[in-house]
Amino acid sequence: MKDMPFKLKLYTSFIIGLGLCYLGLAISDIDYTIIPDIVFFSILGMIAEGLNIRIKGSTAISVNFAIGLAAMLLFRPGTAAFIGFASMLFFIEYVDGKFIHLFNSSIYKRIFNGSAYAMSLGTAGMVYDLVKNSYSSFTFMNFNALGIILGIVIYTFQNILIFSILSSILEGRKFWEFFKDNAWLAVNIVGLFPLGIIIAAAYANYGWFAVLLFFGPLLIARYSFKLYMDMRHVYFETIKALSSAMEAKDQYTNGHSYRVADYAAGIAEQMGFKHDAIDRIKTAAVLHDIGKIGVSDNILNKPGKLEESEYAMIQKHPEIGAKILSEVEFLADVSKIIKYHHERFDGKGYPEGLKDAEIPMEASILAVADAYDAMTSDRPYRKAMDRHTAMNILIKESGIQFNPIVVKAFRDYLGKQGEAMAHVG
């Protein structure tokens, strides 16, 4: 916590303070005659949270909301909030061959997440109780349907709001961008709420054993999805390894793809692309030269000018790369970016001679990033250009070889990074 920026420390402390105050008030609302029920649902929540599936980085999806919703429907708001907090504080997960728990992970982070979850769940519970007591005519499985809908809306909005503000502080981007990017969480919540209702109904009518019967299929579904995500990861890592192996054969291009990925992401962010689109462009950049696996090393490493037939072979690499990646379902959209990243704005590029708006904007971004890194890196046939010279060439070719919108965005991005002066050109 000592190394946290002040703004981040202030915000997280504010949420934790609110959460703990809320929890303190909520505890007075707990019905202590149902402590076994509280313990049971807290343990279920810990198990559900511990079995989250990491999508990328620190982003993960969890089925814990289904347990929280069931608690919200069965118990008072304070009880549901307490169950939610306990599940986020004490869960155990298995990551990279190691069990991660309260005593070997960030307690501060767990308290923050627990506070945020408790507030969201408790507020949703209060809305549900208010609606249930005021409008009791329409029920679903003996629970107030309108209260469920409004409670879920409040929970979703509050949860996304808290973590979008956190993300914007962490990464320095606009809050609204993260709010839109995190909207996918609503889909996850909508997908889980029927399960939460079923768990609540099963517990209300048949007790804890019936809940365990429903929890079993949930674990099986989670396991199946985990296998799918692992398969995606293996596919992607294999293709990345192939791309890295291609670069490792040539001292001049080693690391090229990852530098291009950084530049392309910077351009896309400067142009206001959404987070998912930026990730897609970065993936395309990392894999953009994979098609060179089908081109002879003698051609790739030739120090002199290429023959016409040799250049024709080089020109095939975008299509070869696109063909390789199109065979992998989750990389199909990336393959289109790679296929067209050597098209020119004036229509004189390859493989199809597309021009202007016919070229996907993502491919135009990759083209500029690729050209800039190529110019500022050593090659067998020349030494690296300085960054100002490379930027001036991009500006000169703006509207001819390169999309002028992309060139301007790249110029602005580099200016912010201090890599190129705003007055070049």
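Including glycine, each Cβ sits where the backbone N, Cα and C put it.
Range with TrEMBL annotation transmembrane segment, chosen from 59-86, 143-170, is 143-170. Long-range neighbours of the transmembrane segment (10-28) within the same chain, counting only residues 6 or more positions beyond its ends whose Cβ lies under 8 Å from a Cβ of the stretch, are 4, 77-79, 81-82, 85, 108, 111-112, 114-116, 118-119, 122, 162, 165-166, 169. Long-range contacts of the transmembrane segment (206-225) within its own chain (CB-CB distance under 8 A, at least 6 residues past either end) are made by residues 40, 44, 48, 51, 53, 63, 66, 70, 195, 198-199.
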